[in-house]
Amino acid sequence: MELKFSCRGNVIALSFNENDTVLDAKEKLGQEIDVSPSLIKLLYKGNLSDDSHLQDVVKNESKIMCLIRQDKDIVNQAISQLKVPDYSTNTYSLKPKKPHTTPKPASIYTFNELVVLDYPHKDRALRYLERLRDDTGIKKIMDSHRWTVPLLSEMDPAEHTRHDSKTLGLNHNQGAHIELRLRTDRYDGFRDYKTVKSTLIHELTHNVHGEHDSSFWELFRQLTKEADAADLLGKPGSYVSDRASYTPQQDNDDEDQKNHRRDLLLAAAERRKQSGSKVQKE
């Protein structure tokens, strides 16, 4: 059995026997990347348990997402070295206390885990995903439709770019894992936020509809309107006859935004082509 592991921005191909378990895969992969198997987490349509046989949970030549946990000992050591300020001798001015408010509980309908590529500016990429996760419109969609996505990750542009097309996002197993292209094609920056947000709404639509048929586009437009309405409520606006009006600003100089529709259609055509080739092989 041949398997590919996407780990830290690299793809590692390894061979296994039919009776090998997920734990065997972690041990073999750990030797390749010099990481303890206990710190490795493997995802393929969800988390893979150590005692499962590979042939029962993955297909030959499957691509598996690899996540590396931080060593707890290293984290605890770093925390222990932090200096705690001594407030015992400080004098404070008396100020009225702020009213106590109970924070609103976090919604269970969200993206449980965010993963970025091991490229420069990882912190910016992570903040980008956090901004999408916490976006008012996206949160409204997730809550309204009761969607929970276990993993939202950054897509590697190098793996999904051809001379005639590029994939902006992928939805694996109807919402088990969503990938988004965050970086520009030249890796010199990040793509327009409104474009990536629209791509995320596009991929969330695939939680319900796999094909780009009329039902898909109807739901996509509905979700976009829901997100826009939620964004409007969170922004100051002008009201006429007790109704707010909000039109997203269009930037004619933004090449990503201008070509977003074209890119989505190209990505859809590519998926149909890949789907057709699989049917012919079978």
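Glycine too: its Cβ is placed from the backbone N, Cα and C atoms.
Since we're looking at a predicted model, the values are computed, not measured.
What Swiss-Prot lists as domain 'Ubiquitin-like' is 1-75. The annotation Zn(2+) binding site is assigned in Swiss-Prot to His202, His206, His212 on the grounds of a large-scale study or a structure entry. Sequence annotations record features per position, and here Swiss-Prot assigns active site to Glu203 based on sequence analysis. Summarising the annotation, Swiss-Prot assigns region 'Disordered' to 234-282. Residues annotated as compositional bias 'Basic and acidic residues' in Swiss-Prot: 269-282.
Overlay of Swiss-Prot feature records on the structure.
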{"residue": "His202", "record": "Zn(2+) binding site", "Cβ neighbours (10 Å)": "23"}
{"residue": "Glu203", "record": "active site", "Cβ neighbours (10 Å)": "20"}
{"residue": "His206", "record": "Zn(2+) binding site", "Cβ neighbours (10 Å)": "22"}
{"residue": "His212", "record": "Zn(2+) binding site", "Cβ neighbours (10 Å)": "19"}
**OP:** Please work out the helix, strand and coil residue numbers for the domain 'Ubiquitin-like' (1-75) from the DSSP assignment.
**Re:** 23 helix, 25 strand, 27 coil
Original post:
Any idea what the model's mean pLDDT is for the domain 'Ubiquitin-like' (1-75)?
Top reply: 83
